[in-house]
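So that you can see what the record holds, here are the features copied from TrEMBL:
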type	residues	note
SIGNAL	1-27	signal peptide
DISULFID	Cys37-Cys53	disulfide bond
DOMAIN	67-215	domain 'Cupin type-1'
BINDING	Asn102, Asn112, His117, Glu122	oxalate binding site
BINDING	His115, His117, Glu122, His161	Mn(2+) binding site
Amino acid sequence: MKIPSSSHIHMLSYLVVLLLLPLLSFSADPDSLQDFCVADQSAISISVNGFPCKPASEVTSDDFFFDGLSKVGDTSNIFGSNVTGGNVLTFPALNTLGISMNRVDFAPGGVNPPHSHPRATESGVVIEGKLLVGFVTTGNVYHSKVLTAGQMFVIPRGLVHFQKNVGVGKALVIAAFNSQLPGAVVLPFTLFASTPSIPDDILTRAFQVEEKVVESIKSKFSS
């Protein structure tokens with residue numbers, strides 16, 4: 001019997017890896033191995049992609065219900081909008097389930113400023129009012145549309161987007177995410193109110209403005 005040479009064995013190994021690569025690229029997070037994992041936010045423990053589970057014996061029916069999105073948000077701020085989060089931090093039963101929702105209230109003329117969600121795609125429904133919704137692709141293409149009650153939008157994961165109330169009264173949106181904690185990078189705060197702050201010379205070069213313009217913008221977001 002002919003014994004395969006080392007070069008043949010290496011070649012076979014390469015072929016096996018090439019055959020497995022497509023399977024690896026299509027793999028996803030494993031399904032949960034329990035019915036639920038209500039977050040124990042008081043637990044002192046190292047965790048990855050979630051919180052430790054509350055002991056099942058301590059879980060009650062109330063853990064699976066949340067009324068936070070029923071409350072109207074306070075829009076008396078510089079943007080005229082308010083985001084109420086229904087994520088794992090406020091609704092612990094969402095832990096490990098990969099979903100969350102937000103309520104966004106708008107005063108007349110209010111804006112949910114340009115921002116992105118690094119961990120989730122967003123899908124929203126206009127419940128009340130008239131809203132301009134827009135986002136920008138990584139190729140710098142701007143997509144937008146004015147929506148009214150009952151109409152829906154989607155923002156692909158990680159893309160910069162915004163909403164503006166262009167109606168005469170209040171507006172309300174309910175948004176859903178495919179993450180228990182989608183995160184939000186709100187560009188005005190990220191760029192002009194970080195701690196420590198981004199050096200002025202970086203911002204003046206990036207936006208091609210004078211330093212006094214950057215200082216003026218920063219002063220509007222200082223606490």
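Cβ atoms here come from the backbone N, Cα and C positions, even for glycine.
Its Cβ placed at the centre, Cys53 (disulfide bond) has 18 other Cβ atoms within 10 Å. Sorting each residue of the domain 'Cupin type-1' (67-215) by its DSSP state yields 25 helix, 59 strand, 65 coil. Using a 10 Å Cα-Cα cut-off around His117 (oxalate binding site), the recorded positions Cys37, Cys53, His161 reduce to His161. Annotation: Asn112 carries the greatest number of neighbouring Cβ atoms among the binding-site residues Asn102, Asn112 [cut-off 10 Å, Cβ to Cβ].
Across the structure, Glu122 (oxalate binding site) and His161 (Mn(2+) binding site) are spaced 10 Å apart at their Cα atoms. Ranking the binding-site residues Asn102, Asn112, His115 by the distance of their Cα atoms from the Cα of Cys53 (disulfide bond) places Asn102 first.
Surrounding the centroid of the Cβ atoms of Asn102, Asn112, His117, Glu122, where the record places oxalate, the chain contributes additional residues within 8 Å, namely Val83, Val104, His115, Gly124, Ile155, His161, Ala175, Phe177, Pro182, Ala184.
Scoring each of the recorded positions (Cys37, His117, Glu122, His161) by how many neighbouring Cβ atoms lie within 10 Å, the top position goes to His117. Note on the domain 'Cupin type-1' (67-215): its mean pLDDT in the predicted model is 96. Counting Cβ atoms from all protein chains shown, His115 (Mn(2+) binding site) has 19 others lying within 10 Å of its own Cβ.
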